[in-house]
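TrEMBL has this to say about the protein:
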COMPBIAS  99-112  compositional bias 'Basic and acidic residues'
COMPBIAS  136-145  compositional bias 'Polar residues'
DOMAIN    167-218  domain 'Sigma 54 modulation/S30EA ribosomal protein C-terminal'
REGION    94-149  region 'Disordered'
Amino acid sequence: MQIEYTGRHVHVNQACRALCEEGLERVSKLLGRILSAHVVLSNEKHRCMAEITIEIRANKLVSTAESTSMEAAVRMALDKAETQAKRFKQKMVTKKRVPKEEKVSAEPELTRPRRATAVKRSADRKAAEAPVGATVNGTASTKKSTPGKPVVPVMVHSFPAKTPVIEPHVVRSLDSVAMRPMTLEEAVKEAEFRDREVFVFRNNKGIVCVLHRKRDGKMELIEAP
């Protein structure tokens, strides 16, 4: 396995190299053969950051971590890489186990309850609008009505006495941030692989860009001024 080390404002000593090799060996046992790995260590003010990129066949695993010490940041990044490797392995096993025929046959079963519900609602609406004694779908309507006045269905809404207030829960994460500059194509692939709705990166000119996945599936690019 080929491992490349990059240090930004920090020296990559032998202890960090040994720690990375030990952790990547565990990841290699889960994924099989690893083509290459790139470890980027950086130190900015009082923050130590580690980014590990693992190339396997046509995919990449990227894990980032931040801590007050470089050793702790490397250990956290390796733990994230191992978690991603387990998830990726389970995903591949699931794809192999589920045949295509089962996926196709499952689609009509999902639509049957919706059609049955639509038919039931239509029958209930006809029964509500029908006069007394009329027959709806072979069943006589037994609802009472005032002589000379049509039956008008009334819908009653119930509202809670007090609207619950949901407080925002803020969680700090670096999984949606790229620590190295990349092109737009690389950022799109990285956001797809990490399965992130929002992805922040810097382009080759150093401009901060944000990729946002819209509801229709399209990716929106936002460039900071």
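Just so you know, glycine gets a Cβ as well, placed from its N, Cα and C.
Per-residue pLDDT, averaged over the domain 'Sigma 54 modulation/S30EA ribosomal protein C-terminal' (167-218), rounds to 83. Mapped onto DSSP helix, strand and coil, the domain 'Sigma 54 modulation/S30EA ribosomal protein C-terminal' (167-218) counts 11 helix, 12 strand, 29 coil.
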